[in-house]
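Novice: To start, I am sharing the structure in question, which I have written as structure tokens.
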Amino acid sequence: MKSKLSILMIGFALSVLLAACGSNDAKEEKTDTGSKTEATASEGEELYQQSCVGCHGKDLEGVSGPNLQEVGGKYDEHKIESIIKNGRGNMPKGLVDDNEAAVIAKWLSEKK
């Protein structure tokens with residue numbers, strides 16, 4: 001009986017130890033407040049540099065994609081966001097997620 005209790009105690013102790021040492025891979029949930037105005041210009045520019053610069057150029061001058069230097073004078077923020085999300089011409093859809101598309105669109109809409 002004593003050996004069974006010892007085995008149970010060791011098993012329990014190991015379980016507790018493993019649980020305490022386990023990694024916490026839980027991802028933080030992003031809370032979307034629904035406000036696109038909270039995005040700063042630097043966030044929009046940073047996302048552009050990460051995802052768009054290859055086709056539209058460092059200074060929005062256009063490379064294989066069109067020039068975007070005055071895109072805000074041609075399209076409003078919602079149209080720009082729609083193009084980013086759904087693609088157009090040679091630009092495929094889904095290059096960025098919806099939240100990133102909104103941030104980039106807000107930033108680009110100010111380019112007039």
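From the backbone N, Cα and C atoms, a Cβ is placed for every residue, glycine too.
According to Swiss-Prot, the protein carries these features:
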SIGNAL    1-20  signal peptide
REGION    25-44  region 'Disordered'
COMPBIAS  25-35  compositional bias 'Basic and acidic residues'
DOMAIN    39-112  domain 'Cytochrome c'
BINDING   Cys52, Cys55, His56, Met91  heme c binding site
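Are these features on the surface or tucked inside, and what are their neighbours?
Specialist: For Cys55 (heme c binding site), applying a Cβ distance below 8 Å and a minimum sequence separation of six or more within one chain yields Val63, Ser64, Gly65, Met91.
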Novice: Please give me the CB contact count at 10 A for Cys52 (heme c binding site), counting all chains in the structure.
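Specialist: Step by step: centre on the Cβ of Cys52 (heme c binding site), count other Cβ atoms within 10 Å, giving 19.
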Novice: Output, ordered by sequence, the same-chain residues six or more apart from His56 (heme c binding site) with a CB under 8 Å from its CB, or 'none'.
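Specialist: Within the chain, His56 (heme c binding site) has Cβ neighbours under 8 Å at Tyr48, Gly62, Val63, Gly65, Pro66, Asn67, Leu68.
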